[in-house]
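Going by TrEMBL, these are the annotated features:
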type     : residues                                                    : note
DNA_BIND : 16-35                                                       : DNA-binding region
BINDING  : Ser86, Thr87, Asn88, Gln110, Arg114, Gly115, Arg116, Lys181 : biotin binding site
DOMAIN   : 70-253                                                      : domain 'BPL/LPL catalytic'
Amino acid sequence: MLALLRLLQDGRFHSGEALGAALGVSRSAVWKQLQVLQAELSLPVHKVRGRGYRLETPLQLLDEDWLNAQVGAPQWHACVMPSVDSTNAEALRLLPSAASLPFYVLAERQTSGRGRRGRSWISPFGENLYYSLVVRVEGGVRQLDGMSLAVGLALLNVIHCFGVTEAGLKWPNDVLVGDRKLAGILLELSGDPADICHVVIGIGLNVNMLVSEAGAIGQPWTSMRAELACLLNRNELVTELNKQLSRYLDIQRRDGFAALQDEWHANHLWQGRSVALTAGAAPVEGKVLGVDHSGAIRLSVDGVERVFSGGELSLRLRDDS
Ligand code: BTN
């Protein structure tokens, strides 16, 4: 099916005969594959008598060979899958047999994409980036301090570099444009964080998505295409993401998150805002002072500074801020 998609991705008309010849199958086998493509991947295909078939919207598929041949980018092995439950889950499954580290998994779609706090991540075929990088971390839990915030900075740099200059960060590691979510980050751990462990850095970036399955994303969202009014090349985005991640993770490993604190504050959209922090039962209300050297959020609560950390925490703006 992927071979057929590669032929159709330009959005032009291709006759059933030409497609069959290119794939070495009959015209009726092409027709069957097209049915599967429409049903399983929700990709509309137009058929016009005498001209053939074309995708309603052109696609630019992820290209594993191209990604693995990039020079001047980190030599991390890419594994591209047409469809997977979750790239984070797949990365964890591949870890025991990985030939080298770091490596990363990309998928054209996820059927059970994972978000923070038990949420799902809507992952339609061929439109966005679903990316999971596996890195080895040694030296204890301290090495994990601020890692997800460093990843946020790396991702934000990529987004800025491709032209979405309005994007900023929301603690702990959402990327927003205004109040609309553009990207999210989910770190998952394998092994003993006190000794040697592996971290799966999962990134979901809305790239070319313009409509989502009716209301499936339960919050305001945007995509790079919606912001820039043009289609983006996801392979080029991945190459830049690898470069930026390599740079920011190196700084965080060598000098700690403290070395990135100022840059992080400069990009924090909610700096100084009045927020409510959801941390279990009752939300804590306060004003955002910033983050500390470990990436924990500092709030002024009734005039007293309090520091909070943990992957299950979440901020929202208070109405009066
Ligand atoms: C969030 O809730 O903001 C985090 C979303 C993280 C989604 C990405 S998509 C690639 C990777 N695989 C997953 O299942 N989740 C992460």
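Heads up, the Cβ atoms here are built off N, Cα and C, so glycines get one too.
All TrEMBL annotations are machine predictions without curation.
By the rule that a residue counts when its Cβ sits under 6 Å from some atom of ligand 1, the binding-site residues Ser86, Thr87, Arg116, Lys181 yield Ser86, Thr87, Arg116. For the DNA-binding region (16-35), the residues of the chain that approach it from at least six positions outside its boundaries are 1, 3-4, 7-8, 45, 52-53, judged by C-beta separation under 8 angstroms.
In the three-state DSSP scheme, Ser86 (biotin binding site) falls into the coil class.
For Lys181 (biotin binding site), other Cβ atoms within 10 Å of its Cβ number 19.
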